[in-house]
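Report on one structure; see the data block that follows.
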Amino acid sequence: MPDKLKIALLGCGVVGTQVARLLTEQADDLASRVGTPLELVGIAVRDLSVEREGVDPALLTTDAEALVAGADVVVEVMGGIEPPRALILRAIEHGASVVTANKALLAQDGPTLYAAADAAGVDLYFEAAVAGAIPIVRPVRESLAGDTVRRVLGIVNGTTNYVLDRMATDGLDLDQAVKEAQALGYAEADPTADVEGFDAAAKAAILASLAFHTRVSIDDVQREGITSLTADDVAWAAGTGHVIKLLAIAERNTGDDGTEGIQVRVHPALVPADHPLAGVRGAFNAVFIEAEAAGELMFYGRGAGGAPTASAVLGDVVSVARHRVLGGRGPVESSYADLPVLPAEAARTRYQVRLEVADQPGVLAQVAAVLAEHGVSIEAVRQTPAPDEHVARLLITTHAASERALAGTVEAIAGLDVVRAVVSVLRVEGA
Ligand SMILES: NC(=O)C1=CN([C@@H]2O[C@H](COP(=O)(O)OP(=O)(O)OC[C@H]3O[C@@H](n4cnc5c(N)ncnc54)[C@H](O)[C@@H]3O)[C@@H](O)[C@H]2O)C=CC1
Ligand SMILES: N[C@@H](CC=O)C(=O)O
Ligand code: NA
């Protein structure tokens, strides 16, 4: 048994500071759980002069390469693609186990890192990369390894969930709610990765790879953010018994030509108010899984923040450290299925389409005819009063239709003389 394990920490920001704190404060407990002491031997930072609360300045270094070369376990919480990618590969080359929270890197180039870890026989763990503190990587990779996952629906971005929640509860518009999220430290100064769905898309790619035993990169994920949503959309959703959530969706599906594959997408969707995901408020995350034998499962908790994310990182550190003490490595994600990622247009969903039309006889028949021509079946139509007596507002809910059919339908409806505006088109999920 090694007399201690040397831990190198790369990055000392929101997450890294908390990882350093927990490694120091819980040193005795961690040593007991692992079977040998964990010694934090250094922390790679950009700027040595920045004061970091609770962090021993003597541990700081700007030489990340040298730090990595001497470590047993490397914890990467720098973020971004380079230098983390090169440093992780270097750590693996030196025989170190790696723990990372870097979803952007894993979603872009995970297979290179997994292959390197396999070749070197070391662990590469990343629980914090998906839904922060929520144990989801390990349950999907290990606990559900004997089952067949059909579908994963996740609220995996805390910033956008907070923003949508504030729009729903207090009628804030998007900009106001984003500013609030920034003030509370949820959103970055540049919130693009959150509000445009890139962060959720990276997590969707990782989750889909694990759930379906295949390889999905962020480029395979159809992505739409929340920036086109208005306070009116959110209020309408409530009026129809729904809440709007930014969902990461990964599901098995069959393409138009009968090909079995998967679809992975991120977009805002109407979720029925009685669905478990509808109750996920504020900056919380949740992942809802439908598996053949297990049925429905939901994992809920904090998906962001220094301490919650550090909790997931430390859990991984203990796991990989235990493997080093006992010899060998832990379970890895299996990737054998080689399921194709099906084109987005073949995805089938129910939709709510809101229209403003001329309030005159025959309008409904014209709109219904267009839907019928495109093979889109209507589930319900509701007419609501409009401020102008010559205008009617229609809310059409469809049965499941393909994205392609719906897009053609909406284009044709927008071209009708009697249609003043297509106010919104939203998918309905989880019904
Ligand atoms: N903050 C959160 O709530 C969560 C973060 N993550 C992931 O954790 C990672 C870290 O995130 P945060 O701590 O929020 O970021 P941060 O920006 O607060 O901290 C990153 C730290 O790494 C340092 N750094 C960056 N490049 C460096 C370089 N070349 N050399 C030396 N130091 C360098 C920065 O100076 C900074 O101290 C990211 O991959 C992020 O996606 C994952 C889940 C939640
Ligand atoms: N920006 C993310 C946090 C990290 O995963 C979020 O808002 O959820
Ligand atoms: Na997690």
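Cβ atoms are placed via backbone N, Cα and C, with glycine included.
Note: TrEMBL annotation is automatic and uncurated.
Annotated active site, proton donor per TrEMBL: Lys203, in sequence order. Lys203 (active site, proton donor) falls within a helix when secondary structure is assigned with DSSP.
Here the Cβ of Gly16 (NADP(+) binding site) has 27 other Cβ atoms within 10 Å, regardless of which shown protein chain they belong to. Feature annotation from TrEMBL assigns NADP(+) binding site to Leu10, Gly11, Cys12, Gly13, Val14, Val15, Gly16, Thr17.
The annotation NADPH binding site is assigned in TrEMBL to Lys103. Summarising the environment of Lys103 (NADPH binding site), the number of other Cβ atoms within 10 Å of its Cβ, over all protein chains shown, is 27.
Look at TrEMBL and you will find Glu188 tagged as L-homoserine binding site. Cβ environment of Glu188 (L-homoserine binding site): Gln182, Asp194 lie under 8 Å away, each six or more residues apart in the same chain.
On the 0 to 100 pLDDT scale, the model's mean across the domain 'ACT' (352-430) is 94. Annotated domain 'ACT' per TrEMBL: 352-430, in sequence order.
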Number of helical, extended and coil residues in the domain 'ACT' (352-430), per DSSP: 23 helix, 34 strand, 22 coil
Sparsest Cβ surroundings (other CB atoms within 10 Å) among the recorded positions Leu10, Gly11, Cys12, Val14, Lys203: Val14
Count of other CB atoms lying within 10 Å of the CB belonging to Val15 (NADP(+) binding site): 26
Where Leu10 (NADP(+) binding site) falls in three-state DSSP terms: strand
Cα-Cα distance linking Lys103 (NADPH binding site) and Gly11 (NADP(+) binding site), given in Å to the nearest integer: 15
Assigned element (helix, strand, coil) containing Thr17 (NADP(+) binding site), judged by DSSP: helix
